[in-house]
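If you check Swiss-Prot, you get these features:
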SITE      Thr11  site 'Crucial for IgE recognition during allergic reaction in human'
SITE      Ile31  site 'Crucial for IgE recognition during allergic reaction in human'
SITE      Thr58  site 'Crucial for IgE recognition during allergic reaction in human'
SITE      Thr113  site 'Crucial for IgE recognition during allergic reaction in human'
SITE      Ile114  site 'Crucial for IgE recognition during allergic reaction in human'
Amino acid sequence: MGVYTFENEFTSEIPPSRLFKAFVLDADNLIPKIAPQAIKQAEILEGNGGPGTIKKITFGEGSQYGYVKHRIDSIDEASYSYSYTLIEGDALTDTIEKISYETKLVACGSGSTIKSISHYHTKGNIEIKEEHVKVGKEKAHGLFKLIESYLKDHPDAYN
């Protein structure tokens with residue numbers, strides 16, 4: 001088994017407290033509302049929303065994937081950090097055992113810097129290259145931009 005790590009960083013005009021509330025704490029409600037083509041439904045299968053919680057994410061019609069299940073590994077509202085691991089679903093191919101994600105929002109001027117790290121745990125001697133994860137990174141960034149746009153259009157939301 002190999003582990004391949006990829007990092008991504010981008011900025012936002014939105015402060016980390018608002019972004020964290022929308023992008024992490026209320027994502028299960030907000031994303032299906034503003035981007036049903038991306039995520040149709042998010043539901044908690046086990047747990048209370050904290051570490052150890054298992055969620056099922058059902059993707060929107062036209063997505064190349066049907067669903068994934070992920071486990072929340074950590075969530076820290078004080079440091080605006082969140083980590084979770086994909087543990088089941090058709091995004092995990094026969095070559096990938098699991099994918100772990102770490103996200104941290106950091107204050108940057110009046111906005112934020114979003115730092116994301118993904119760890120792909122492969123089966124056997126399979127190698128994951130940056131170009132293999134590029135499409136997923138672009139989709140995640142696009143979804144983030146939708147949330148950012150929603151927050152700009154709704155300045156009283158998630159304060």
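Using the three backbone atoms N, Cα and C, a Cβ is placed for every residue, glycine included.
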Cβ neighbours of Ile31 (site 'Crucial for IgE recognition during allergic reaction in human') where a neighbour is any other Cβ within 10 Å: 23
Candidate nearest Thr113 (site 'Crucial for IgE recognition during allergic reaction in human') in space, where candidates are the recorded sites Thr11, Ile31, Thr58 and distance is Cα-Cα: Thr11
Tertiary neighbours of Thr58 (site 'Crucial for IgE recognition during allergic reaction in human') (same chain, Cβ under 8 Å, six or more apart): Ile39, Lys40, Gln41, Ala42, Glu43, Gly66, Tyr67
Ile31 (site 'Crucial for IgE recognition during allergic reaction in human') and Ile114 (site 'Crucial for IgE recognition during allergic reaction in human'), distance between Cα atoms, whole Å: 18
Three-state secondary structure, which DSSP defines for Ile31 (site 'Crucial for IgE recognition during allergic reaction in human'): helix
Recorded sites compared (Thr11, Thr113) - highest count of Cβ atoms within 10 Å: Thr113
Pairwise CA distance, Thr11 (site 'Crucial for IgE recognition during allergic reaction in human') versus Ile31 (site 'Crucial for IgE recognition during allergic reaction in human'), rounded so that it is a whole Å: 19
Cβ-Cβ neighbours of Ile114 (site 'Crucial for IgE recognition during allergic reaction in human') (radius 10 Å): 24
